[in-house]
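Down below is the structure, laid out as structure tokens.
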Amino acid sequence: MKIQTILAAGAMTVAAVAAQNAQAGAVLDGIKDKGFVQCGVNTGLPGFSAANAEGKWEGIDVDVCRATAAALLGDANAVQYTPLTAAQRFTALQSGEIDILSRNTTATTTRDAKLGLTFVGVNYYDGQGFLIPKGLGVSSATELDGATVCVEPGTTTELNLADYFRAKGMSFEPVVIENINEATAAFFSGRCDVYTTDASGLASIRTQMAENPADYVILPEIISKEPLGPVVAQGDEQWSDIVRWAFTAMVEAEEYGVTMENVDDMKANSTNPGIQRLLGVTPGMGEALGLDEAWAYNIIKQVGNYGESYEKNVTAKLGLERGLNALWTDGGLQYAWPVR
Amino acid sequence: MSENAKLPPLPTGTFAERAIIWSKKNLFDGWFNTILTLGSIAFLFWLIPPIVEWAIVNATLSPTIEGCAEASGACWGFVNANLRLILFGTYPFDEQWRPLLAMILLMGIICGSLGGVKYPGMRKAIIPMWVIGVPIIAILMWGGVFGLTYVQNSYWGGLPLTLILSSIGVIFAFPFGLLLALGRQSHMPAIKTVSVVYIEVIRGVPLITVLFMASVMFPLFLPDGVTIDKLLRAQIGIILFTAAYLAEVFRGGLQAVPRGQFEAGDSLALSYWQSMRLIILPQALRLVIPPTVNSFISMFKDTTLVVIIGLFDFLGTVKLALRSDPAWTKYYVEGYAFAAAIFFLICFSMAKYSAYLEKELRKGEQR
């Protein structure tokens, strides 16, 4: 009964909705109407998106949504979160249940082209690596022939693992364990020689789960590229621009050394034309995006720059250094497109 | 009570003497039982002390990671520090009195309804209680009126969500299952076929598949921009699934009612619905109390599967708390043990109530 009623109601609104979708800016208009951004996040990945003891969502993925809300609505707290599993995430975006998906999602060709999605940036560069006990006496992944490897099933991790060993002409014995707690417990109890997942995950597992972290090493080989970033649905270009530049402003602010603390001072006193453009002292950027001129100021004031967000979440929670995610000037890959 | 005649004479002597007699008779009669008894005692000696040591003696309640690191036993501090997250999930912190109140109200209504068996006066109040109570619970949870801030149901979680999913599930699945059971017994071919196909199809797939369909596939069939609430989809999935199982339980009850009872109804010129309501169903349902409660218990536990569609039931919020800070992650045994204890408490109460219910309803036969 209920489903039929719902279906009927759905069918009746088809025409109206189809018309709405044809217009550019449907997502943006929807957000302005409801007054908040609906943000799809991970159901629990410390440092990226996880609930704190008070049940509030925190993490660098969460901060992207907060930055977008600050830029568009002037309030970083105007965000509602929808926790999503890996299987649900694209459906939720395609069906319009969420406005933005910020859930450690790897950008790939098929996802970008075939699923009707737009990847708007990379807020975390990750890659798959190997964790081994020091006692194994191995210093490179090329020496892992015949090893037993603990891995979680159904992920790209498992596929990358098989690809890597096949490409190197080596054999391995997979130990496939569904639950991350059990998988890591199996590894630390010596059930397998190697544990593999994204490097960010390996570091946090080593710090938090090992009795003596110094007894374990992460091998230097990174066997896959995992550029993780926020995604929006295709069809509302203005909205994807806003998300892209909201994130870019965070990185650019770090490049200029503008922080949550000194942003007011910078706005009042800085003579650097780049900073003046970013903070709206020299108007034009907000207008170009269809936003208030204080858009980037609001982001930095309320959320902080990229480095601050990274420190507060990834470094504090996972003990991970910047690595690939350092600014390009420090040898990393974070390189903001100029805001001008 | 003819059994009285067989009772042995009342034991006499001191407590110790009686204890020896009792254990000789019950624990050490014959070599086989003696071995079993000694084996069991050895097993318990091997099993229980380490558990007690871990869970109580060496455990700590200190809600800090440092405190837990010092203790060699269980870190109940994990539960202590994250209790509100575990109980209420991501519901806004300052508003958590609302789900608490809703949960108490729901428990009250459930207990009130169950009490209707013992106190016939309360039976009339059952339906009004639900009709008034459920909207109040909905208002408390959602808000948006009477000055309560609106809370999306993607923020609901923990014990209130588990209780809501399962109690709403029972309320709707029960009548729906009953209709399906009657449909399957029906002489009208169309109704019978629909019921049989429905029951067999739903019983033929796992609940996880139903939830997955509801959550991942169903939205794709809807036109662009139309979304149906995730929680509602899961709730409907649970109802549809449980109803199919209940239908088969009820069919068992219907088949166990003697043919003469149906004929009695006919001979009194009662209509189909009258004879069902007055004669058949009271007997059939009483016969199937144990399997019905069995279905409810398994449904209650099955609600934990909603975690795969990103809803945080009570078990989900335990996982959420484990991931709230990576430092807590290694205390997952304590987290799951706590969840298991709460689930056991609730399921065991259900089982106890069903035993009581059977006894109450059989009083008529015992005379």
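For all residues, glycine too, the Cβ spot is worked out from N, Cα and C.
Taken from TrEMBL, the feature transmembrane segment covers B:30-48 (among others).
Annotation source TrEMBL lists transmembrane segment at B:97-117 (among others). For the transmembrane segment (B:97-117), same-chain residues at least 6 beyond its ends with a Cβ under 8 Å from one of its own Cβ atoms are 87-88, 91, 123, 125-126, 129-130, 133, 136-137, 140-141, 143, 148, 151, 156, 158-160, 163-164, 167, 353, 357, 360-361.
Sequence annotations record features per position, and here TrEMBL assigns transmembrane segment to B:129-151 (among others).
What TrEMBL records for B:159-355 is domain 'ABC transmembrane type-1'.
Taken from TrEMBL, the feature transmembrane segment covers B:163-183 (among others).
Residues or ranges marked as transmembrane segment by TrEMBL: B:204-222 (among others). Residues 228, 230, 233-234, 236-238, 240-241, 302, 305-306, 308-310 of the same chain lie 6+ residues outside the transmembrane segment (B:204-222) yet bring a C-beta within less than 8 angstroms of a C-beta in it.
If you look up TrEMBL, you'll see B:234-254 (among others) marked as transmembrane segment.
Annotation source TrEMBL lists transmembrane segment at B:336-357 (among others). Long-range neighbours of the transmembrane segment (B:336-357) within the same chain, counting only residues 6 or more positions beyond its ends whose Cβ lies under 8 Å from a Cβ of the stretch, are 55, 74, 76, 79, 86, 114, 117, 159, 289-290, 292-293, 296-297, 300-301, 314-315, 318.
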(message) For the transmembrane segment (B:30-48), give me same-chain residues lying six or more residues beyond its boundaries with a C-beta closer than 8 angstroms to one of its C-beta atoms, as numbers and ranges.
(response) none
